[in-house]
Amino acid sequence: ALKPEKTKLAVCGRNHTLVYTEKGNVYAAGGNSEGQLGLGDTEERTTFHLISFFTNQHKIKQLAAGSYTSAAVTEDGQLFVWGDNSEGQIGLADKACVSVPCQVDVGKPVSSVSCGYYHSALITGDGELYTFGEPENGKLGLLPEQLKNNRVPQPVLGIMEKVNKVACGGEHTVVLTETDVYTFGLGQYGQLGHGTLIFETSVPKSVKHLRRHKICNITCGENHTAVIAENGLMFTFGDGRHGKLGLGEENFTNQFDPTLCYNFLRFTVLLVACGGCHMLVFAAPRPKGSEETLLDDLYESRLTATISKMSGDPLLTNTLQLTSARMRRREREKSPEQFIRMARTLPPLGERFLNSSLPVTSNTSPLWFSAPSLPKAEPVKRDHEKEKNHQKEKPGEGSAEEDSDNENNDRNLGDTTDILNMTHAMKLNPSDQSLKLSPLQKQK
């Protein structure tokens, strides 16, 4: 059906496809249970059919598709929508669904639209953002008093800057302004990019880790987000299942902060599209002439990586295979803060303390290592980190592994056979943040 024409735009919803050709025709195919094909009925189509509503007078600038919704923006700023409106996601107030394109008017020209799963957003020509549809989880970014009108477009008042782009996911929304990236909605997989402490926000919140990069493009999947910087770097965050964050075959974990995709360092990423469980990237090889690209001040570890000879494969495998989790862990293990925090939890050292009788059990001994290695701090850090991680992984669990660890710890309390009468005193040296541990015989 499309063979005689050249395709200009194409978008996919959950089970339908829209295409716009250079001749000015709009075609639709696929599922049509809610009228999302715009053909005046609800019958499925297995081949492309012309949407007769659009004529040559409608010069389409953008097409968009959601779960069971469709939208088109014309070059003169008109917005047309059709399909499912059960949650108000096409902005037609009380209508349940429409099977032919209908215009949505917000009193000013519309420059772009994004259809999420059950909510939508539009940007006006002067950079104002409007959202509409399902109100749950704060994904509309509206004030409480605005939510009662969620079935028609409402202005998002929490973003004062001019909005350039918007992308709607399953339960979250991402917004790009001149200087910032804002996200709001549900973020239980990390798709908001605000770290592990914020799982939901109904107020547009700036993604601080992206502020140092000039972001030029944003896109959402159901539970993940991808952004492209002006220099062609791509960052992803959110649900890592199926490897859809593009961080390598072994990394299927959720990312709660924007994470650089090292696999694409040899390329300038131009476009990215996110689906429910996958992602597509359109990129161009970086010019061979650029011998060195400096990636400075990465958000998580202040890592500076020098990229030379961008065409070589070993570069990626040898130089930049550190995952963000490994880098963060390495930073923690190097940090003197570990010992300072430990020392703060101990009683103050003094004469009375040294002379007093201290009961020591396997459960209360804070640190363990043998007498010859007492001045060295390294082993303590590793063991302390291990204990912390073990508690994190199995909260509230008393395991056989834990018991055997405690037995080993008791055996390493110093060169003495009388474990019950032996303890240690720890002293922090403020000048170089080192710790000195001395075996101490208890008084009877």
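Even glycines carry a Cβ here, placed using N, Cα and C.
Fair warning: this is a prediction, and the values are worked out from it, not measured in the lab.
Per TrEMBL, the features are as follows:
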{"type": "DOMAIN", "residues": "10-280", "note": "domain 'RCC1-like'"}
{"type": "REPEAT", "residues": "24-76", "note": "repeat 'RCC1'"}
{"type": "REPEAT", "residues": "77-126", "note": "repeat 'RCC1'"}
{"type": "REPEAT", "residues": "127-179", "note": "repeat 'RCC1'"}
{"type": "REPEAT", "residues": "179-231", "note": "repeat 'RCC1'"}
{"type": "REPEAT", "residues": "232-285", "note": "repeat 'RCC1'"}
{"type": "REGION", "residues": "364-444", "note": "region 'Disordered'"}
{"type": "COMPBIAS", "residues": "378-396", "note": "compositional bias 'Basic and acidic residues'"}
{"type": "COMPBIAS", "residues": "430-444", "note": "compositional bias 'Polar residues'"}
Its residues classified by DSSP, the repeat 'RCC1' (24-76) shows 0 helix, 23 strand, 30 coil
Checked against DSSP, the composition of the repeat 'RCC1' (179-231) is 3 helix, 25 strand, 25 coil
Restricted to the domain 'RCC1-like' (10-280), the mean pLDDT of the model is 96
Across the repeat 'RCC1' (232-285), DSSP yields 6 helix, 26 strand, 22 coil
